[in-house]
Structure formats: structure tokens, C-alpha cells
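Novice: There's a structure below that I have some questions on.
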Amino acid sequence: MEFPFDVDALFPERITVLDQHLRPPARRPGTTTPARVDLQQQIMTIVDELGKASAKAQHLPAPITSALRMQSNRHVIYVLKDTSARPAGKGAIIGFLKVGYKKLFVLDDREAHNEVEPLCILDFYIHESVQRHGHGRELFQYMLQKERVEPHQLAIDRPSPKLLKFLNKHYNLETTVPQVNNFVIFEGFFAHQHRSPTPSLRATRHSRAAVVDPIPAAPARKLPPKRAEGDIKPYSSSDREFLKVAVEPPWPLNRAPRRATPPAHPPPRSSSLGNSPDRGPLRPFVPEQELLRSLRLCPPHPTARLLLATDPGGSPAQRRRTRETPWGLVAQSCHYSRHGGFNTSFLGTGNQERKQGEQEAEDRSASEDQVLLQDGSGEEPTHTVAPRAQAPPAQSWMVGGDILNARVIRNLQERRNTRPW
């Protein structure tokens, strides 16, 4: 396989080993190249062209070897160049062999799963024009010596029929162990699995990895111990007791203290509920005297109102409680003043009963005036009514008035059965 640049100057040896960095090998003394030539770009071009030729020979839809894949994996390519002929003095590439370590789960002859990390043959290609000339065996044998591995210890990734014939012809690898993946292993693969890998192979691999990528391994992080999980039980009836909201009795019975005896052993709480506070009484504790006072001053029950509504007369206490404030109770309010009149707006809206009382008071005062005049003069009483101008109006009385007004108020209050003083 020919290239437009000088392959002989790029690869001084017949077999060149390339790692993931695709760097050109050390140059022989006396070899000169122009400074502008990008050697790494030439190596990437060679790898890409070899991958395309291998995919075409194996009838693969896409190449499995490329410069980009090489840079993202720790694989190794053994490149074989032709030193016999130098067309135009630039050299040519015969083929390549790509290998790498992979962690696999394979089955042994007893169909038991085994976790291994063998060296795998990932891609192998020799140009069609130089096949059957021993170039393939030369390249394969160089790889075995370099990696210090035996042919039966290898795992081959999707080998072609030509590769299987090649291994059978040169290394007597014929009997395979069936696997569930795309890798093929031969009989004798597990003969040395009970022993650790060859120290030289492992040391070579790790030393190569350290030189290629000298990055220290990250220290293992210790995870905290996992706490034991208890049984998660659903809510029981006892767990839900404290969540129940008590129904309050009708007023004023709800003002009475509810003395509930606390349980000796409270029900266990579920861990998912957290530390919820206990529900206290709905109302604070009310003393007995305050309870009796509230019962005495509380409004009547709707049932009692219904009974009083059906009774046309009702009880006297209820009538006194529900009817309007009489005149005599004005002295109990803040409207009373011994130096002036009281607020007449409180008496502005009278009813028929008030008018009736005023008329009776006027008649009685008139009769008393006649008795007093008869007692003072010794004459026969005359049924003459005092002029209205001499008697002050009933609604404009004052405590400092005459004796007649005081008597009228006294008689009126006795009739009302209430006393303001």
C-alpha cells in the first residue's frame, strides 16, 4: 500500500509499534525531513487507510480501525512495511496487526462464567498482493514475542474465516470453546487461568500505560456504612387516635372543661410522622363559678325561644327582658343627670303602652291635686282639672322638681315593679 509521502523515512524499522498517541518513532541518525512536514498527521493518514482496506477485505460496513479510535483506546498497532521494493523511493505498507487487553466474561468447558482480561486480536490485515508470502506469520510472531504470550492464550474478536485458517495452519488452533459473545477462544485458554498472568506481561503493560499516560490513580473513597432499615408498617388505629378531632358540644356546654384522663402508656407514634405535638384542649380550663355565671347570662336555647314564641303571653321575666327599656330604667343608664335633663332621644320612640301609662299618671295626679286642695281649704272638692300649664310635661321631669312629680314617678315605678334607686 503506497502513500504520497516517504514511508521509509517515517518508519525506519520493518515493524513499527504505535500506541494511542500515534507519535513517530525515534529517527535514525542522518535522516532529514523538512521541518514543515507534520509527521503525526502522516501516521494518522496511514492508520485510516489501513483500517479502510481491512474493512473492505472483511466486508464490514464501517472500518473498526481508525486514528480517532486509536486515540480514545489503549490499543497497540504493529505496522509492517515493505523493504524489498522502493517505488519512487517512498516505500510501502504491507499490513498491520492491532491488539489490546479487554475484560471479558467467557464460558469454560463446563459452561461456567469466568471474568478474565486476556490479550485480544482486534484487527489483522495483509495486503492482497503480498498474501501467502509469510508476511502475516512474521508480523504475528513478532507480536507474540513482544507481548510474551502464547497463541492459545489469545482471544480473537470476530475472526474471519481466513484468520481461523491462518491460526490453524501455523499454530494448530482448531478446537474452540463456544461463547455467547463475539470473541473466540481455543482449547487450552483456561489451562493457565488458575495462575496469575506472567509478571513480565503485566509489568510491561502497566509500565507502558504509565509512560503513555502518567496520571496517578484516584484514591478509593470510603462510603459510610448503610444503616439498617426497620420494618415500615402502615398506620394502625392506635397511631391515628391522636389525629382525630373531637366534635365540640353546642354552646355554652363547650365552655366547660373536658377533663380527660391521659392514658398511662401513650400509643406509639409512627416514625414517618415525626415529632408532632399532642393536641391540647380546645378551650382553656374554666372555673366552676365562671361556668355558672356563663350559664346564667347565656342567651336562651333556640328550643326555648320556640316555646316562648308559641306562648302568647310568655313568662313575666321574659317579657321584662325582651320589651323595650321603660322610663324608670333611664336613671340606671349614663343618660341620668341630677343637674339637668336627660337625653330625650332615648324616649323618642314610645309605644302604645307608654302612652297609656302617661294618661293614667295624669288622671291620678289630677285626683290627688283635688284631694290636697280640699284638705287645705275645707271646701268641697271640685272636680276641676289643673291647667296643663301648671304641671310640667311628663317627659321633662327632673329630680329637683316639686312633690307632685316625685309622686307621679314613684307611682309609675311601683306599677312597673322596677326601682331605679
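Cβ coordinates are placed from backbone N, Cα and C, and glycine is handled just like the others.
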Novice: Kindly point out the range from 82-103, 126-147, 148-169, 214-235 that Swiss-Prot annotates with region 'Disordered'.
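Specialist: Within the set 82-103, 126-147, 148-169, 214-235, Swiss-Prot attaches region 'Disordered' to 214-235.
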Novice: Check the candidates Ser272, Ser365, Ser377 against Swiss-Prot and report the one noted as phosphoserine.
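Specialist: Out of Ser272, Ser365, Ser377, Swiss-Prot attaches the phosphoserine annotation to Ser272.
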Novice: Swiss-Prot tags one of Ser196, Ser315 as phosphoserine; which one?
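Specialist: The residue tagged phosphoserine by Swiss-Prot is Ser315.
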Novice: What whole-number Å value do you get for the CA-CA distance of Lys146 (N6-acetyllysine) and His127 (acetyl-CoA binding site)?
Specialist: 23
Novice: In the predicted model, what is the mean pLDDT computed over the domain 'N-acetyltransferase' (1-190)?
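Specialist: Residues in the domain 'N-acetyltransferase' (1-190) carry a mean pLDDT of 88 in this prediction.
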Novice: What does DSSP call Leu167 (acetyl-CoA binding site) in the simple three-state scheme?
Specialist: helix
Novice: Determine, to the nearest whole angstrom, how far the Cα atom of Leu164 (acetyl-CoA binding site) is from the Cα atom of Lys56 (N6-acetyllysine).
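Specialist: Answer for this pair: 18 Å between alpha carbons.
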Novice: What does the structure give for the C-alpha distance between Gly136 (acetyl-CoA binding site) and Lys56 (N6-acetyllysine)? Integer Å is fine.
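Specialist: Rounded to the nearest whole number, the Cα-Cα distance is 18 Å.
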Novice: How far is it from Phe124 (acetyl-CoA binding site) to Lys56 (N6-acetyllysine), counting Cα to Cα, in Å?
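Specialist: Computed Cα spacing between Phe124 (acetyl-CoA binding site) and Lys56 (N6-acetyllysine) is 12 Å.
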Novice: For the binding-site residues listed here (Gly136, Pro161), tell me which residue's CB has the most neighbouring CB atoms inside 10 Å.
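Specialist: Answer returned by the neighbour count: Gly136.
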